[in-house]
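Here is what TrEMBL records for this protein:
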{"type": "REGION", "residues": "1-22", "note": "region 'Disordered'"}
{"type": "COMPBIAS", "residues": "7-17", "note": "compositional bias 'Basic residues'"}
{"type": "DOMAIN", "residues": "37-320", "note": "domain 'Protein kinase'"}
{"type": "BINDING", "residues": "Lys71", "note": "ATP binding site"}
{"type": "REGION", "residues": "345-428", "note": "region 'Disordered'"}
{"type": "COMPBIAS", "residues": "345-354", "note": "compositional bias 'Low complexity'"}
{"type": "COMPBIAS", "residues": "396-413", "note": "compositional bias 'Polar residues'"}
Amino acid sequence: MPPKTKAAGKAKGPAKRKLAEEFPPGEVLTDTAKKSWKLGTPVGQGGFGLLYLASDDTSKAVRADAPYVVKVEPSDNGPLFSELKFYMRAAKPDLIGAWIKSRKLKYLGVPKYWGSGLHEKGGKRYRFMVMDRFGTDLQKKFEEGGKRFPRKLVLQLGLRLLDILEYIHDHEYVHADIKASNLLLSHKNPNQVYLVDYGLAYRYSPEGVPKEYKEDPKRCHDGTIEFTSIDAHHGVSPSRRGDLEILGYCMIQWLCSRLPWEDKLQDPVYVRESKIRCRNNIRDFMKSCFTAGQEPEELLKFMEEVKTLGYTDKPDYPKLRGILQQGLKSIGATDDDKLDFSASVSAAGPSSVKAPKRKKAAEKEASNDETDGSPAKKRRPAQKKEANGVKKPGAKTSSPKTRLVETATQTSPVVEVKRGRGRPKKTA
């Protein structure tokens, strides 16, 4: 169960949603652009939907190395619709391609939106979305590496995420849930990383008009508790500075193993107050995370720069990149575009105690108003991801039919994990 917060309260959960029915391999879906997609085998299951391998060549069977996946949910469910709003506005291939060209990037770690639509079968309607297929997530890599990443790798990931965040911020959205389990390696190129799961994505500036700072006690502590921003702890809608604050916490954790407040994740007020103290004295914060004399100066400067941002301020992305690039230079490294997870880590900090299981404070659901920029409803607890993002089924099963669990857009079969329902959104 997630940590109890004011946002959770004692409100009743929403009415139980319908589960998606499994389609047989070979089912053909037609998106709103009249493009056909052929489904392969199901490779994952979320709370209410299924994930299938897919191909745009309907004349042949879908291969195991198919480059696409299709998410399918009953049409009256909300979670997929919530993500669709972001993908349709900001993740079309031509938009991403134009950005890559204008910024002279080698790639951009935002999943491409390939199509969506409604499909009828057996008298029921289903919503679907076609996306890229991805590989393993960085949380698995983090745990495999003893819960530490090399300093060079941390700075490279920070640079890739600054590229991603600048893009989605420029397209009026913030992500609000950056963490290792939402960062997936490319299915084909292990040196490319993508930010997924836009269920919490928030349109902070619809039509170019930024939302105002406003605290809502009912929404305190939204997000993943150990990383969520101080604004979110106060019930304020996600912002650009919040995304960068979250990124800062992630980079520090990746380098030192765990954050100072990870021993009390069940107490969100304690976590919030700890973050406020750390923001007020960032140098002491760094000393609490790293061995004396090994505090990475670039991460201190990064957090100091984020601290200067107002709620509606546009971050200075080039300056933030420069800080991380200077960090690479200080250790005699360059950004060679190769993500090396095997290098040893020398910046070990005072974090030898095993951290408790990571929890998510709140998870948001969909809002059916396509123009509404308000945050969505509370989210369900995040699921732990294993090999290729998911756990492999055991040799013995209680049922001849293996159930599957979806982990973002990763694609390996796993034993099903039951998930709780969120709280219905309250409106003023």
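In case you wondered, yes, glycine gets a Cβ from its N, Cα and C as well.
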For Lys71 (ATP binding site), what is the tally of other C-beta atoms lying within 10 angstroms of its C-beta? 25
Looking only at the domain 'Protein kinase' (37-320), mean pLDDT returns 94
So, three-state DSSP: helix, strand or coil for Lys71 (ATP binding site)? strand
